[in-house]
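Colleague: The structure that follows is given in the form of structure tokens.
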Amino acid sequence: MLNEIKSSSVFQGGQRQTKPMRRFLRKFSNDWSMDFSAMLAYNLLITLLPIAVALFGILGLVLKNYPATQKEINELFIFFDVVDLAFNQLSKDAGLILVIGIFFALFGASRLFIAIDKCMTIVYRLPQRTFLRQNMLAFGMLFFFIIIIPIIIAASSAPSALLSIIPGGGGRFGTFLAGIVFSLIVAFIFFESIYWFVPNKKMSFKVTWCGSLVAACTLEIFIILFPLYVRRFMGNYAGQIGFAVILLLFFFYFATILILGAQINAFFFEHYKPLVDGLGTYLSYMHDEHGVGDQRRPLCENETDIQPTTATERAMTSQSSPRHIWFNKLCPSKTTSSTEQDREGQHMI
């Protein structure tokens with residue numbers, strides 16, 4: 001019965017139609033996308049503190065002669081003791097201490113974009129940047145992130161706040177729609193900037209626009225529906241612990257949307273194929289293939305390559321697969337090069 005269903009034209013046609021989506025889901029799964037989303041969510045959570053310290057430390061320095069404005073900002077963030085400390089205490093410190101504190105806060109916050117860069121190396125099968133280039137990118141993206149994220153949140157929240165002020169159903173609907181459109185545009189710019197600049201390769205708009213659009217639309221829907229989800233399913237969480245749980249869940253979904261857009265661009269527009277298995281299993285296969293039986297040996301060595309000593313190992317080496325040959329060309333070692341030169345000399349003799 002099952003074989004008859006599989007051999008039917010309807011089933012085979014359905015398989016052909018769904019093959020791209022099944023391959024995409026396999027790439028999404030084998031690249032450990034959900035695991036990296038959890039990693040990014042944690043990085044987003046711990047990034048909030050250094051960003052808050054940096055921002056409110058600067059505000060405390062700038063607004064120290066305006067106590068009324070300081071009081072209003074303190075009331076907005078009354079539940080965040082660390083923010084209050086940064087806002088009040090850092091402004092009283094010496095200028096050098098403040099600058100050092102802000103620098104280390106920005107350095108800690110920029111680790112978020114280091115983590116995003118590492119995720120993109122998996123999605124796009126790319127080598128990592130050097131330490132200097134990686135940190136230059138991270139600081140640049142951090143300043144952009146600090147500017148654009150409040151705009152996204154404000155644009156999403158403004159329509160709800162203005163509905164009670166603007167009279168008339170038409171005006172309220174227009175305000176709500178305009179806020180959503182503006183927030184969607186800003187979110188698209190945000191995701192487009194990440195997908196364009198973060199991967200360690202030359203990108204173009206034609207291979208990044210779709211993932212940015214999907215991510216922006218999904219994020220906008222998520223921002224609208226997430227408060228309803230919290231009230232309906234997370235009403236039992238209370239206090240600062242409940243706030244941390246809700247915030248971490250929000251960041252997890254946000255990170256999932258971010259990686260989903262990158263995977264869409266990589267698979268459908270740049271035609272990156274899924275790994276044959278999960279990332280960990282694939283690395284295990286690669287190590288078994290190129291590690292020559294020694295689990296502690298790196299996949300590619302320059303100084304300590306060991307020549308096969310037994311007859312079995314020599315036979316395995318002589319019967320190298322094309323992948324072995326390709327890998328040796330990619331990561332040539334001194335021993336391999338000298339062996340090839342000896343072979344060429346014997347051939348000439």
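Cβ coordinates are placed from backbone N, Cα and C, and glycine is handled just like the others.
Okay, these came from TrEMBL:
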- 40-61: transmembrane segment (TRANSMEM)
- 96-116: transmembrane segment (TRANSMEM)
- 137-156: transmembrane segment (TRANSMEM)
- 176-198: transmembrane segment (TRANSMEM)
- 210-229: transmembrane segment (TRANSMEM)
- 241-262: transmembrane segment (TRANSMEM)
Colleague: With an 8 Å cut-off on Cβ pairs and a sequence gap of 6 or more, do the transmembrane segment (241-262) and the transmembrane segment (137-156) reach 3 or more such pairs?
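Modeller: No, these stretches are not in contact.
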Colleague: Are there residues at least six beyond either end of the transmembrane segment (137-156) with Cβ under 8 Å to its Cβ atoms? List them, or say none.
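Modeller: Residues 51, 55, 106, 109-114, 116-117, 129, 179-180, 182-183, 186-187, 189-190, 193-194, 197-198, 219-220, 223-224.
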